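Trainee: Here it is: the structure, laid out below.
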């Protein structure tokens with residue numbers, strides 16, 4: 001990797017590190033238009049192949065042994081399981097996913113680890129400088145996500161990975177990852193209603209877009225789908241002579257008493273798909289013979305280890321606030337899940353409800369901290385402390401809170417969990433910036449109109465649900481609400497995420513007998529921003 005001399009794509013500034021400088025240049029590729037803009041689709045897709053020619057990547061991509069995964073829910077989890085399994089078989093793996101939560105390098109994983117800064121810089125400038133030199137008005141620089149997908153292919157080609165697992169960013173047919181002409185196997189995860197402004201208003205239309213990754217005679221797997229979606233997938237597969245099979249959820253007994261590395265019952269669906277993808281990849285690349293791993297009564301140790309050791313930030317993740325200055329730990333705990341569709345909101349609410357019940361029944365959050373868990377349960381006086389559940393929420397304006405929030409409320413209530421307060425915050429990350437520069441300080445003039453819309457929806461839902469959820473708000477939540485932009489009976493709007501988290505920390509300090517359990521959901525961007533603020 002001696003080609004980093006290309007790192008002259010922007011003017012050096014003494015205030016930026018080389019990595020920050022690259023992120024500044026990368027930020028320049030973020031375009032201010034909606035993802036539904038027609039220029040993102042159709043004929044413009046062909047431009048991607050021009051970029052590959054400019055970088056001499058066409059042949060290298062054709063030689064890669066790629067697993068390509070699309071879907072509405074579970075793409076990242078399925079890809080993570082798949083990578084972990086094949087890594088445990090001893091293969092040199094590359095994994096491309098989106099979005100990142102804290103650092104852009106999370107999108108590019110080599111052997112299960114984020115790419116190093118040095119390697120990222122080398123490959124970034126190699127691609128950027130060549131494209132900058134060869135593009136023009138007719139073929140302009142690729143936009144942000146397209147550049148990242150191209151960069152992933154360059155990284156995996158140069159690093160000579162044995163397998164590249166590529167997660168579709170959006171849709172399938174016109175996604176930048178779909179320049180892959182002959183993957184080894186394709187996967188379609190659970191389909192649902194999301195990105196309808198781009199993909200269509202029916203499950204059939206959405207399924208048609210996802211099936212755009214199918215390639216002639218290349219085997220594909222999906223999970224059990226609604227009839228409308230499955231019919232379209234089968235039709236698209238038939239047109240391309242694709243042998244399409246349905247992978248059933250993994251039988252938990254096959255894990256020999258262990259549990260999946262990713263939390264939540266829904267992960268057995270994703271794990272079953274991952275096993276099918278890996279089995280087919282191993283067979284088609286000559287590493288397995290004719291054994292159908294997904295259809296046997298036992299699983300090889302490599303698969304069990306891969307499934308039980310997989311990890312993915314921001315999905316059913318539990319993180320105690322690490323900035324509370326108190327001898328007692330876990331008084332403020334964030335339960336994070338990037339759910340942002342009606343179906344995934346239901347799954348998220350079910351996970352949260354079960355997770356806090358386990359937690360409150362004296363289950364240790366982290367096996368390495370059993371002593372602290374005993375303190376949490378007993379307290380100094382030997383009395384279990386009260387727990388209060390709070391929602392911290394934001395979602396993109398293209399999503400419908402009238403679809404998202406009712407699923408969340410109902411599923412929690414079905415499990416006997418009632419969110420005592422909902423906190424709505426604007427985005428912390430600036431969408432036209434990448435890296436630490438993307439975190440904005442609290443802006444006194446920030447537009448909170450969307451957050452007020454979310455609040456109105458929440459308050460109306462609370463009024464319609466005259467049950468335990470409308471109990472008088474706890475005294476612990478009444479104090480000092482003046483920090484919020486708008487405080488209603490069941491919710492508050494804060495001008496920034498930082499102010500909301502400060503309010504939560506203040507509540508903890510002032511109420512030593514109370515444990516605050518905060519569900520963070522609605523957006524992976526929000527989850528990432530919270531992780532930046534609460535993890536040391």
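Heads up, the Cβ atoms here are built off N, Cα and C, so glycines get one too.
Note that TrEMBL annotation is computational and uncurated.
Sharing the features that TrEMBL gives for it:
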- 98, 167, 195: Mg(2+) binding site (BINDING)
- 315, 337: ATP binding site (BINDING)
- 69-217: domain 'Mur ligase central' (DOMAIN)
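Map the listed features onto the structure and describe their local environment.
Mentor: The local packing around residue 167 (Mg(2+) binding site), expressed as other Cβ atoms within 10 Å of its Cβ over all shown chains, amounts to 26.
Proximity of residue 315 (ATP binding site) to non-local residues of its own chain (separation of 6 or more, Cβ distance below 8 Å) is seen for 76, 77, 262, 263, 264, 337, 338, given in sequence order.
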Trainee: Quick one: average pLDDT across the domain 'Mur ligase central' (69-217), no decimals.
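Mentor: Mean model confidence (pLDDT) across the domain 'Mur ligase central' (69-217) is 93.
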Trainee: Going by DSSP, how much of the domain 'Mur ligase central' (69-217) is helix, how much is strand and how much is coil, in residues?
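Mentor: The composition, in the requested order, is 70 helix, 22 strand, 57 coil.
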